[in-house]
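Reviewing the structure listed below.
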Amino acid sequence: MRPGDIYPPPQGYNAYGSPTRQNQRPPQPQPYPPQPYPPQQPAVQYGDPFSASSQGPPTAPLHNMSPTPQEPQGSRYNASHPLQPISPSGPQGPRYSLPTQSLSPFNGSPASAPAPAPYTMGSPSHSNARMHASPPQHIRFDTNPSHLPPQQQLTPSYSYPSGLDDRLTSPPPLLPHHSSQSSVSSIPAPVPDNINYNPSYPPQGYGNAADDDMNDSHPLLAHAAPDARFGIPQSTSAMSMSAPAARYQLSDTGAGDMGVSMYTGNGNAEGQNGFGTGDGVGANGEDEVNMHYGPIPARMVRRNRTQKRVQLFQGHLVLDIEVPTMLLDQCPIRQGNEFTKMRYTAVTCDPNDFVEDRYTLRQRLYDPPRQTELFIVITMYNEDDVLFCRTMRGVMQNIAHLCTRSKSKTWGENGWKKVVVCIVADGRKKINPRTRSVLAALGVYQEGVGKNIINGKPVTAHVYEYTTQLSINSSGKIGPGGSNTVPIQMLFCLKEKNQKKINSHRWFFNAFGACLRPNVCVLLDVGTQPGPDSIYHLWKAFDINSSVGGACGEIVALKGMFWKNLLNPLVAAQNFEYKMSNILDKPLESVFGYITVLPGAFSAYRYIALLNDEKGNGPLKQYFVGERMHGSGAGIFSSNMYLAEDRILCWELVSKRECKWKLHYVKSAYAITDVPDTVPELVSQRRRWLNGSFFAAIHSIVHFGYLYRSSHTFTRKFILHVELVYQTLNMVFAWFALGNYYIAFFVLTQSLNSLGSAWKYVNIPLHYIYIALLLWCFLLSLGNRPAGSKIGYTSSMVGFALITIYMLFAAIFLAVKGIEDVQAEGEITASAVFGNKIFRNIVISLLATYGLYIISSLMALEPWHMITSFFQYLLIAPSYINVLNVYAFCNVHDVSWGTKGSDKVSDDLGAVKSSADNKDEVTVDLPIEQKDINAVYAAELQILGNKAPKEVRVVSDDQKQEDYYKNVRTNVLLVWTMTNGALVAVILQASGGDNSLATTYMGVLLYTVAGLAFFRFLGSSTYLVVRLFAGE
């Protein structure tokens, strides 16, 4: 099964959500005791336009809806409870009476003729589309042509559905308080997979005019390729989403709209798709009451709807929309607005003004408001449903784990009410359609609800809120959960424009965070799956130590089933790199109290620690400066620095004025993520990492004085000074890594030359090959994209891997030769061993470095990466220097954010505006009259008729910025290569053919590396001791 798959359709339904012919109305059990029949109101009855005698569309009603003696008594329904049948349902039941409330006819018929109230789940509004008489499947219409009003037009209309419902609906009321009533323990058993859906259930609020603004235009979930596995029916009826039996609407939807048959003057339907014959009988002679008209639309289709007047909620367009009954019937809790309605808010302001402009979220509307302890954000761009389901499953497991901690003062069975999951999609037109379908299947998104413009203001974000009760299993299958499933409060923010991840975080922190005021914020990327209890361990670090302002866990490479992914050397090398970083680097920095980077893919922050002070200065202000680093006035240093904006946030948090926050590493928390498995992906990813980390490290070193404005103790400040020296030394080594590696290669090959002249015939060609590969990398990096030069980059990495194998052979050969020389001189002693330069400078230093790797891995009880990934890392490590570093510095000018031309306001969703006499009301404006359509068309022709202005070619600001960045790139690259070349020349040529200086330098270099490894080992050991007593 692919992620996103839903459980098989319930009994009596096909794969598209439609009831089968053989079981259109299956007998239902008696889940409730029988009650008396509801009183029957005067009702209307329509004739059948599909009959052979029909000459026109439905018109005047016949006031006779009572059951006839010839009709068997079927099911009747309790109007107060839409899901409660009163008596068994037969294949043909009596008509469900309509309310007596009448409205003015939409087509200008005499007002004296009463019209039935509109069907509340999205009935068509055109004059040809009279109201649904009832949810049952057989609807009778008046077939007498004499009943047609004089002005009735029998030709199909090609305009938008018309009609205006003047009833004013109030905004969504304050949600009822559920904190004390609903709990996990009171949730009944989940709905079994084989439950029978009754296709004749009337929808909630049937005949209730107060909800018509929602139900007349019930959203249609339209996709390029609707997938029945998500529970998305392929019906083109807007009502088929929530009421399976309420899809038998007859309306003129306009030319070519969804392929629905249109009615001609003789009462027959134009068979647009060959599904019907126009007389109510299908091609096979069977009754067509459940026939689907039209193919799957390849675009977002237009819905039949009525112009509505909707009162604004606190000045904003806020809608509460019924969720589909197909979804609700799979949920154990079916009462309460948070479970039965999805809340939509059209946000027209900047994220920083969200609270100031009086926008709010559901959690603040309860009485008392719900307190949010954990606020989890999942940022995504265009990732597919597989990655999203993986992340969402991990989050659901963690929330379920929190609800099982019955002894906790914070969590327990109602712990899900203290967690809000926020999903931020970067661009409405960029989101993956299948991921959007997953969100719709969970209930937190519905197509066709959003608007582009509200009262002249462009919508910046579409916010959907819903508490889902569905779950995602290990295979990515969506459906009812088991006994461990708990509700999940979900907040889906669909940004109108693509403005990158840092803008998504601004929505999370400055808009939603400012509204909910959470305690701990957890950051996740789509594709990263936290462990089943990892989020709890992250939260526990904040709960134990009040001075912890940020924390992170271990990032684990996805190994696949039976660790098959480790067969790829790229994945294995990254697995070793991640493991050693989590064993040595992160524990060391955690002991210091300052972790240079909390990965944005899996980290957590205390919300109050990130807030700015009264003057507006603080971590969040500096963090979001990076969002403006794509303008023409941005400097290249700042632009590259904010490629690693999470490093900036960490430094600003530790050095916050008059505070003493520290960062902590939580070994018990882990998250699994995909790592690049191809060379182009790895090269592109590391370019951003290397450039961002390098310039961010320079920023923290240059602004180290900020530390003195904090309230850290003298001891903590001294320890941070030690870490400053350590980080500076690491940065110097990273800068000269290119030259140092070549020196190591030269020393090893020259040492072999001293053992015999035959080695020269191998070493001299290898030197030329090394230089040629390096130059090849420079040429590729300056003019070729990794994705477009996959063979070139891959061949370079393979070439450096072969050179590394030769260097390993040389090191082992020299080690053995050194031991033989010492043994030949006499007894093997320590002084004799250290007296041999080659053995002392090369072998011992390398053994010390990698020996510490093995010891620290054993102490951490994680030795397996040394067995499965160590050798692959040794082969790929030279490419980290000679390929990845070269590409990063050659493209230091590439800081584009990809948002050029994104200032255009889309209008494909439509706009709403306030009425002239009441600013608190908005109406949906649709072109109806043919003259309006012609006027728009004439305006377009006039634009084409005008002569185009002469184009004047000028150099744009973007071009000037690009030229400036390229010049800086050239200068940085020149300085980097010249300094590394000067180092090589000084070390190799200063002694005039004698290799003693090069050998000595090599020994100092290797012992320095061993010393740094030992320093990291001490920090890792200290962390393990502290963790032992901290109770993590």
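Heads up, the Cβ atoms here are built off N, Cα and C, so glycines get one too.
Since the structure is predicted, the reported quantities are computational estimates derived from the model, not experimental observations.
Features of the protein shown, as given by Swiss-Prot:
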COMPBIAS  1-11  compositional bias 'Pro residues'
COMPBIAS  26-41  compositional bias 'Pro residues'
COMPBIAS  65-78  compositional bias 'Polar residues'
COMPBIAS  98-107  compositional bias 'Polar residues'
COMPBIAS  143-160  compositional bias 'Polar residues'
COMPBIAS  176-188  compositional bias 'Low complexity'
CARBOHYD  Asn78  N-linked glycosylation site
CARBOHYD  Asn215  N-linked glycosylation site
CARBOHYD  Asn304  N-linked glycosylation site
CARBOHYD  Asn473  N-linked glycosylation site
CARBOHYD  Asn545  N-linked glycosylation site
CARBOHYD  Asn691  N-linked glycosylation site
REGION    1-220  region 'Disordered'
TRANSMEM  728-748  transmembrane segment
TRANSMEM  762-782  transmembrane segment
TRANSMEM  796-816  transmembrane segment
TRANSMEM  842-862  transmembrane segment
TRANSMEM  870-890  transmembrane segment
TRANSMEM  972-992  transmembrane segment
TRANSMEM  995-1015  transmembrane segment
Stretch in 728-748, 762-782, 796-816, 842-862 most in contact with the transmembrane segment (870-890), if contact is a CB pair under 8 A: 796-816
Tertiary neighbours of Asn473 (N-linked glycosylation site) (same chain, Cβ under 8 Å, six or more apart): Arg393, Gly479
All-chain count of other Cβ atoms within 10 Å of Asn691 (N-linked glycosylation site): 24
Distant-in-sequence neighbours of the transmembrane segment (728-748), which means Cβ under 8 A and at least six residues beyond its ends: 694, 697-698, 701, 767, 770, 803, 807, 810-811, 814, 842, 878, 881-882, 885-886, 976-977, 979-981, 983-984, 987-988, 995, 998-999, 1001-1002, 1005, 1008-1009, 1012
Neighbourhood of Asn545 (N-linked glycosylation site), C-beta criterion under 8 angstroms, separation at least six: His664, Ala1030
